[in-house]
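Features as listed in TrEMBL:
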ACT_SITE  Glu54  active site, proton donor
BINDING   His52, Cys78, Cys87  Zn(2+) binding site
BINDING   Ala157, Thr199, Gly292, Pro293, Thr294, Val295, His296, Arg297, Ala298  NADP(+) binding site
BINDING   Arg187, Asp203, Leu207, Glu290  substrate binding site
DOMAIN    4-126  domain 'CMP/dCMP-type deaminase'
Amino acid sequence: MMEINDQYFMKIAIDQAKQATATWQNPQVGAVVVKDGEILATGHTQPFGGPHAERDALTKLTPSQTQGATLYVTLEPCNHYGKQPPCTQLIIDRGIKRVVIAETDPHSLVMGKGIAQLRQHGITVVTGVSEQAAAQVNPHYNFFFRHGRPWITLKQAISLDHRVSAGPGQRTVITNRAVYERVHRERARFQGIVIGSTTAIVDDPTLVPQPQPTFMPVRIVLDRRGRLANHPQLKLLHDGLAPTWVFTADPTLADRLSATTARVFCLPTGGVKEVVAAVAKEGLQSLYVEGGPTVHRAFAAADLVEEVTTYIDLRMLGQNGVAAFTPPVPWSFVDRQVELLGDNIRITERKQEHV
């Protein structure tokens with residue numbers, strides 16, 4: 001009976017976690033305080049820099065109310081000082097007797113340490129309750145701290161005959177308005193949006209999600225040869241709507257773009273493995289790689305793709321069109337979702353289970 005109760009209250013905590021917004025590089029966490037089978041308070045992670053879920057829930061109650069209660073939380077409570085004080089100390093101070101946790105935190109600063117501290121103070125700790133459901137709330141956070149690099153989703157828009165444009169150097173709008181709106185919402189879920197220099201030059205995109213989120217994704221341009229030096233008028237180099245990072249192997253590019261707002265990273269070769277390592281060092285947990293095909297092939301060849309999202313329009317652009325990428329070896333997918341968006345098709349495929 002207790003296991004059923006734990007799963008019931010953890011589901012409420014997971015629903016709370018999904019309500020968290022603008023957490024940026026913090027995970028979305030939910031918490032529920034229960035005493036004598038009654039829910040006393042719920043909470044979730046507040047916008048980045050604000051209270052964590054445990055603090056959000058516990059501070060809605062008096063110390064006498066929390067004394068002897070059970071706390072359900074979707075992720076292991078932190079035990080270190082960051083932008084907020086440690087949640088474990090508040091749990092201890094509030095007299096919580098039992099803590100039920102869905103996921104152990106993969107962050108090395110926490111990983112098991114919060115659980116150990118609670119147990120050292122005589123608090124009963126139960127872990128792994130509805131763990132998989134909780135993990136699905138923060139796939140990018142979990143992947144980043146388990147693998148040391150950002151989660152990478154490759155996104156492409158193609159015609160029925162597998163083309164991404166009507167011809168080389170031609171800007172071609174392939175998909176419909178419903179896809180346009182969905183892509184904007186997807187961009188807002190990622191911390192970095194990646195394109196190549198050809199896409200930047202031909203399309204001159206802003207890559208800004210609409211509506212604009214509280215924390216804008218970093219716009220990342222792969223420009224190994226320093227081509228952007230001849231195109232300093234591009235919007236994303238000047239508009240100030242979001243940070244722009246340019247990755248290159250050209251040691252002169254930083255000086256040549258010094259009049260722009262772009263931050264230039266000069267790498268030994270400018271290859272995607274170096275780019276991903278540099279982005280990871282900057283703390284970005286997820287990348288939405290919009291391409292085109294040359295960029296897609298580079299990420300695929302480097303085995304740096306966790307997920308592929310493909311939007312398909314039913315037109316055929318013909319043999320003069322630019323072909324979409326194909327992976328260098330067969331890919332098998334563990335999860336596939338297919339959705340109709342008007343007369344377009346959206347297919348999301350997860351290459352590996354990394355959550």
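Every residue gets a Cβ built from N, Cα and C, even glycine.
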Candidate with sparsest Cβ neighbourhood (10 Å radius) among Glu54, Cys78, Cys87, Ala157, Gly292, the listed recorded positions: Gly292
Length of the line joining the Cα atoms of His296 (NADP(+) binding site) and Glu54 (active site, proton donor), in Å: 41
Span of Ala157, Thr199, Gly292, Pro293, Thr294, Val295, His296, Arg297, Ala298 around NADP(+) - largest C-alpha separation, Å: 17
DSSP residue counts for the domain 'CMP/dCMP-type deaminase' (4-126), split into helix, strand and coil: 40 helix, 28 strand, 55 coil
Assigned element (helix, strand, coil) containing Gly292 (NADP(+) binding site), judged by DSSP: coil
Chain-mates of Arg187, Asp203, Leu207, Glu290 with C-beta within 8 Å of site centroid, substrate: Val183, Ile193, Ile195, Thr199, Pro205, Thr206, Arg219
Cα-Cα distance linking Ala157 (NADP(+) binding site) and Arg187 (substrate binding site), given in Å to the nearest integer: 14
Least surrounded among the binding-site residues, given as Arg187, His296, when other CB atoms within 10 Å are counted: Arg187
Neighbours of Ala157 (NADP(+) binding site) among the recorded positions His52, Glu54, Cys87, Leu207, Glu290 (Cα to Cα, within 10 Å): Glu290
Most distant Cα pair in Å, residues Arg187, Asp203, Leu207, Glu290 binding substrate: 17
Sorted by sequence, non-His52, Cys78, Cys87 residues with Cβ within 8 Å of centre, Zn(2+): Val29, Ala53, Glu54, Arg55, Pro77, Gln84, Pro86, Thr88, Leu90, Gly114
Around the Cβ of Asp203 (substrate binding site), the count of other Cβ atoms that are within 10 Å: 17
